[in-house]
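First the structure, in the form of structure tokens, and then the observations on it.
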């Protein structure tokens with residue numbers, strides 16, 4: 001069992017991790033942060049009171065927390081922040097192990113250092129080291145319930161380093177892979193992964209089974225119930241993942257697996273995201289110039305710009321990227337470099353684009369999915385700025401104007417997930 | 001007027017340029033090639049007899065041809081071949097100028113060296129030098145008809161170098177641009193450019209007006225009536241080009257222009273070509289790796305491989321390339337490099353692909369063209385391996401299995417160029 005730090009009790013609440021960050025920052029800036037520290041302690045005390053912990057046990061857990069906060073190296077700010085943040089998960093793991101023992105279970109807290117969860121020394125963005133898997137494997141042989149804090153590991157030299165935010169999912173996936181688990185249940189706060197973002201369409205279809213690849217593509221839209229780095233260890237080890245609702249554990253949840261039956265449902269879901277732009281470049285006889293595309297991408301790389309897609313014609317290529325990487329200053333600099341270094345005929349930028357994608361393992365074996373999708377979009381008067389489908393893929397990506405994106409998602413949802421010929425219900429768009 | 005060398009009199013005939021190449025090769029290999037030389041002379045003599053040339057004039061033209069063959073530098077094989085090949089166009093230009101004078105026209109043969117058609121020193125693949133345009137400009141002020149041999153120019157040092165095969169079209173386009181012509185008429189052997197390859201569909205729609213960009217994309221299919229490098233000078237100078245039939249000059253031909261009215265015809269034509277393959281690469285979290293795409297293309301560049309398109313998903317990218325660049329040995333080497341250098345999860349190659357494209361300036365402003373195309377393809381049971389449409393383009397490219405390509409072209413042609421609901425007529429496929 002891998003535990004996170006306590007989350008929000010109500011929408012206006014603050015997560016314990018955010019309380020700890022506030023503590024760490026004030027402590028670094030002002031030398032003391034007693035009230036922030038007390039806020040963290042109060043939360044744990046409240047939980048333990050709610051669970052009717054004996055006073056002595058409660059005091060021990062609070063003392064251990066205060067000790068680890070005091071031991072954090074304030075002279076090394078990044079390591080200090082990581083150590084403080086990690087104490088939320090660490091304390092919670094101790095608390096849960098103690099509670100399980102109160103209930104009569106055989107349960108023990110295990111520290112990531114003792115268990116060998118070795119990571120790289122990148123503060124706030126640790127990556128698991130390959131040797132960690134061998135060391136962690138023996139956890140599977142322990143008797144009873146192992147309660148393990150998520151979110152952090154240790155360098156081989158013993159420095160505490162956290163994963164990126166939300167990293168308890170990463171710990172869970174690593175441990176599931178290390179012990180070759182039959183299943184990795186990930187408890188979050190939704191009943192299911194949905195076929196479309198529920199902020200766009202009310203009460204969308206729940207997804208029961210989805211493949212790793214489909215899940216990854218659906219997560220592209222920013223609509224994530226699961227840390228995207230977290231799927232990797234489970235994916236590589238072939239461990240099925242089940243997303244469950246902590247507040248409704250009886251719900252079946254969504255299972256993420258290697259392969260699924262796609263006969264009746266070529267499309268698993270629809271994802272969309274706004275905030276894209278495209279750089280269009282044309283040059284007569286471009287396709288005879290070996291290295292043109294590489295040099296264009298090299299300019300972007302040298303400018304530190306990540307890109308998404310590069311649809312191309314014979315003599316032209318477009319680069320689709322997120323607008324946040326491309327402010328006006330960057331735009332003028334990049335356009336000048338493209339003109340000067342690649343001697344192109346034309347270069348232009350289009351902003352306010354959205355990407356809408358349909359995702360499904362069954363698509364590439366199913367004649368006509370694209371026809372259904374583009375017909376639905378045409379009927380909704382959505383013009384296609386870009387279409388991108390690869391040669392062995394689980395997704396089909398449409399570039400549309402940002403203003404058309406929600407209408408496009410609705411049209412595709414109706415085509416693939418509601419009864420045929422249902423009337424469009426724009427009211428369903430929130 | 002720019003002239004080529006004499007072509008075929010009947011399908012089994014040999015073009016004069018090929019007779020000259022045979023002469024040059026045997027002369028280089030065996031030191032003599034009298035019968036090959038005689039074959040060339042006989043062809044010109046036959047033409048001049050057919051035009052009732054005075055015997056003296058005929059002898060002068062043959063003597064000049066023999067002189068230029070004798071003067072070609074046999075100790076420099078590449079320059080020798082270029083000089084020999086060029087004598088076909090050069091002799092023909094002298095002959096045509098003489099014939100026009102016989103008819104009472106004011107006409108003069110002009111030599112490319114004298115006129116200043118300066119090119120780079122790349123045997124068989126000359127590129128025009130920018131200063132040539134200024135020098136050639138004065139040709140427009142000459143009185144009467146200038147008869148100019150196509151296919152070759154001279155380096156500023158006076159070395160004769162030919163363009164790539166079919167290069168008389170290039171000379172014509174360069175001269176049209178240099179003298180800022182109102183129109184460049186290019187006489188070939190078809191009445192028109194067609195909306196689809198007439199080898200695939202009998203009696204296809206003739207295209208009256210097409211833009212440079214559309215023409216370039218249509219030429220991609222290998223179905224060319226016009227040398228693809230040749231369009232560039234006319235395109236850059238904005239000179240309209242009219243493709244005419246030498247054997248039917250009364251036919252209106254096809255005009256190539258900068259822009260056209262697209263209201264009623266979003267699609268100008270359909271092109272297709274076989275012999276493609278795709279390299280599929282997938283790696284979990286690929287899209288977070290800045291430089292991944294660039295490094296993949298760099299491997300191909302270092303292996304000397306040109307590619308066509310790179311459709312991509314979130315964690316995968318496909319590279320579409322021509323199979324002729326990718327034999328089995330190259331494939332194993334490239335796959336090994338991709339595995340070793342990019343640490344991907346999966347790489348695979350799919351062969352026997354075809355690209356089918358619909359081309360038209362009107363497409364990007366027309367909602368539903370893609371829906372019509374993909375529905376027609378789905379109805380013809382053609383599965384789409386790849387779709388590629390950029391953000392500001394005149395084409396939409398579909399990757400299909402090679403076996404499906406002709407059926408795909410027929411389906412698209414029927415959708416966009418015949419009356420709606422016409423019955424499929426597979427018999428129309430030759």
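Every residue, even glycine, has its Cβ placed from backbone N, Cα and C.
In TrEMBL, annotation is done automatically, which means it is predicted and not curated.
Listed features, source TrEMBL:
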BINDING   A:188, A:189, A:194  ATP binding site
DOMAIN    A:358-430  domain 'ACT'
Could you give the mean pLDDT over the domain 'ACT' (A:358-430), rounded to a whole number?
80
10 Å Cβ neighbour count around residue A:189 (ATP binding site)?
12
For residue A:188 (ATP binding site), the number of other Cβ atoms found within 10 Å of its own Cβ:
19
Does DSSP give residue A:188 (ATP binding site) helix, strand or coil?
strand
What are the sequence-distant neighbours of residue A:194 (ATP binding site), meaning same chain, six or more residues apart, C-beta distance under 8 angstroms?
A:204, A:205, A:206, A:207, A:269
